[in-house]
Structures are given as C-alpha cells and as structure tokens.
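Written below as structure tokens is the structure these notes are about.
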Amino acid sequence: MAPAPPPAASFSPSEVQRRLAAGACWVRRGARLYDLSSFVRHHPGGEQLLRARAGQDISADLDGPPHRHSANARRWLEQYYVGELRGEQQGSMENEAVALEETQKTDPAMEPRFKVVDWDKDLVDWQKPLLWQVGHLGEKYDEWVHQPVTRPIRLFHSDLIEGLSKTVWYSVPIIWVPLVLYLSWSYYRTFAQGNVRLFTSFTTEYALAVPKSMFPGLFMLGIFLWSLIEYLIHRFLFHMKPPSDSYYLIMLHFVMHGQHHKAPFDGSRLVFPPVPASLVIGVFYLCLQLILPEAVGGTVFAGGLLGYVLYDMTHYYLHFGSPHRGSYLYNLKAHHVKHHFAHQKSGFGISTKLWDYCFHTLIPEKPHLKTQ
C-alpha cells in the first residue's frame, strides 16, 4: 500500500499578511493558498493586475469577466499551491473561504479544478530525459502535451546534445543580425553594378534588368514572406497531430514544438537554437538561390532572415515581457497565451495576426461566461 500523502501546510491570516508585506504575491481560492510570486511577470493580463489581487480570493476573477479562465489555466494555478488558510475567519475574505470550501465538499464538479499536480503520478518520469519517453504515450500524447507545466524540460541523456537543443534569447540577434547586415551590403553592391537580370535562364533577349532601387522592396518582400512561412510552419508542421501508433513521429513532434507547449515558460527553449536553426536557414537560402538570380534571391533571403529574428524576439517577449495594457504587443501576448492554454487549433500567428485573419484561424472573442 502506498504511503499516505503528507498533510498540506497551513498558514494563519497573519502569516499570509507577513509574506505579502515582504513582497510575495499570494492569492487564494477558497481556503487554498497559491504563491504566484514567480509567475506575476508572465501573467498575460500584466503584473500589476495580479499584484493588485495579492491576498484576495480570485475565484470570481477565474470565472470572469473579462473572461472565464480555461481548464489549463486552472490546472496551471495548482502548480503554485502552497497550503491551506487556517485560523479565525475574519471579515468577508475569510467568510468567502468557508463558503467556497463547503461548496467544494458538495459539488463534485469542482474537484478537478482543485486537483494538485502530482509529478510522481504523471505519465512520464520527470527525473529522466523526456524525448525517449513521449513516444510511448500513444493516444495520450496529444492531451498530455497540451497540459502546460511550470518546470523546465530535459530532452537528451548527453549533456552535449542537450546543450545544443537550447539557447539564450540573445544568441539569435548576436548570430543572425551580422549575417543580415553582411548579405544586405554585399547584394546591394551587386545591384549597384547594374548587372542583375531576371529570366536569364530562359532568355537573354527579353531578360529584365533589376535596378538597385528594387533592393528595399525585395528586402521587405523577404520580411513579408517570412510572416507567411512562420504561420504555415506553425500551423501545418508544428501543430500536426502525430499518429498515436508512431513512436518516432511523436518524438519528432515533441522535439520540434511539443516541448514548447508542455513547458511554455522554459526560457532556454523559447527561441531556435543556432545549430538546428542554421540547417533550416541553409535550406531556405539554397532554395531561393535555385529559383531566383543570386542577388535577388539573396536579398529576399536577407529580409526573410531579419523577419525570422524579429519573430523569435517577439515570441520571447510575448512569454516573458510585460507590454503596456492596450498596446499592440499586449493584445498579441493575450492572443498567444490563449493559443497555449485554450485554443491550440487556432491563433497560429506569432509576430502578427495577419494570416490568422486571412485563413480564418483567428481566436474568437467570446463573452466572459464562455470558457476561453
């Protein structure tokens, strides 16, 4: 027989107040206490919105308005559970706790919302690399991978390969921006020589000259095309549903994108690591060189590469930044968080929602009484 779980810690109202005075952000749901101090800067509604509710019962906030939090958001909250509120019940705050606690006892439907995350009973062993385990999940993989957790992920046994599978955010601009600048300078000089022609592989008589004044337009075309590529890759490759009986396709999905949905705030896995990124970027470069004249294809590639850098930096900021309420990035952050926690089959645009509008995959705005 398995040993009984240890009793939950308990805190008096005065103990909670001392922690709040020290700067911690504790909230409660009924008598259950949660320490959100490490999460406040990630909150999609902004840090101040969450800190303003420190010490309060957030039950009404979870149910809306402005929106009803999803099952994943409630499950996420349970990972910050620290114990129970005890002691003399004073004022409306404590009376609400008693009332909600009684509701929990009589309403079985509320039980899953208060279920504590048990790492020892998860479908995988978090003490071991995950990549070799996820393929065995089969039909359970898709549901499991879309239930986000707060902890970091280890993929490989080898420290070397593990190190190559993650990176810091600033490696992206450090490595790729100098290449963008070099390619832009090099291909602009080629345009300036006046020897760039289109359709020379088909005809010399009707080949079209490409003046250097076209350089900015081609560069911007590359940025624009990247936004479409970003959308298509995210929607059709990253969000493919691997066959439940394919061990290796499940592994492939997890290493490409599933790991990010499982641990959305693992900062070392938010941007593409340089080594695998260089292989993909190299393929795009070769394709453009085969299709277009060198200077034209290279200029479009340079713009696309800058578009990729902007995408990765935007993606990182949407997870770890705190944009001003009502700003473009604030709305983009809210859109992306909904994609992670509730709408994994829509909202595929990261740096822009343009293509979600075009392909009708925009996350719908719903009244707060409906779960988002």
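Even glycines carry a Cβ here, placed using N, Cα and C.
The domain 'Cytochrome b5 heme-binding' annotation in Swiss-Prot covers 8-86, and the record cites sequence analysis as its basis.
Here Swiss-Prot flags His43, His69 as heme binding site. For His69 (heme binding site), the count of additional Cβ atoms within 10 Å of its Cβ stands at 20 [all protein chains shown].
Same-chain residues lying 6 or more positions outside the transmembrane segment (168-188) and placing a CB less than 8 Å from one of its CB atoms are 212, 215, 219, 267-268, 270-274, 281, 294-295, 298-299, 301-302, 305-306, 308-309, 312-313, 316. The transmembrane segment annotation in Swiss-Prot covers 168-188 (among others), and the record cites sequence analysis as its basis.
Feature annotation from Swiss-Prot assigns transmembrane segment to 213-233 (among others); the stated evidence is sequence analysis. Using a Cβ-Cβ cut-off under 8 Å and counting only residues 6 or more beyond its ends in the same chain, the transmembrane segment (213-233) has close neighbours at 184, 187-188, 191, 296, 299-308, 310-311, 348-352, 354-356, 359.
The domain 'Fatty acid hydroxylase' (219-361): residue composition by secondary structure is 103 helix, 0 strand, 40 coil, according to DSSP. Residues annotated as domain 'Fatty acid hydroxylase' in Swiss-Prot: 219-361.
Around His339 (Zn(2+) 1 binding site), the C-beta neighbours below 8 angstroms that are at least 6 residues distant in the chain are Ser346, Gly347, Phe348, Ile363. The feature Zn(2+) 1 binding site is assigned by Swiss-Prot to His234, His239, His257, His261, His339, with similarity to another entry given as support.
Positions annotated as Zn(2+) 2 binding site by Swiss-Prot, on the basis of similarity to another entry: His260, His315, His319, His336, His340. Residue density at His340 (Zn(2+) 2 binding site): 22 other Cβ atoms are found within 10 A of its Cβ, drawing on all protein chains shown.
If one looks beyond the transmembrane segment (271-291) by at least 6 residues along the same chain, the residues whose Cβ comes under 8 Å of a Cβ in the stretch are 164-167, 169, 171-172, 175-176, 297-298, 300-301, 304-305, 308, 312-313, 315-316. Residues or ranges marked as transmembrane segment in Swiss-Prot: 271-291 (among others).
For the transmembrane segment (292-312), the list of distant contacts is 169, 172-173, 176-177, 179-180, 183-184, 186-188, 190-191, 196-198, 200, 210, 215, 218-227, 229-230, 271-272, 281, 284-285, 350-351: same-chain residues at least six beyond its ends, Cβ to Cβ under 8 Å. Annotation comment: Swiss-Prot describes 292-312 (among others) as transmembrane segment.
Of the candidate binding-site residues, His43, His69, His315, His336, His340, the one lying closest to His261 (Zn(2+) 1 binding site) when CA atoms are compared is His340.
Annotation: no binding-site residues among His69, His234, His239, His257 have CA atoms within 10 angstroms of the CA of His319 (Zn(2+) 2 binding site).
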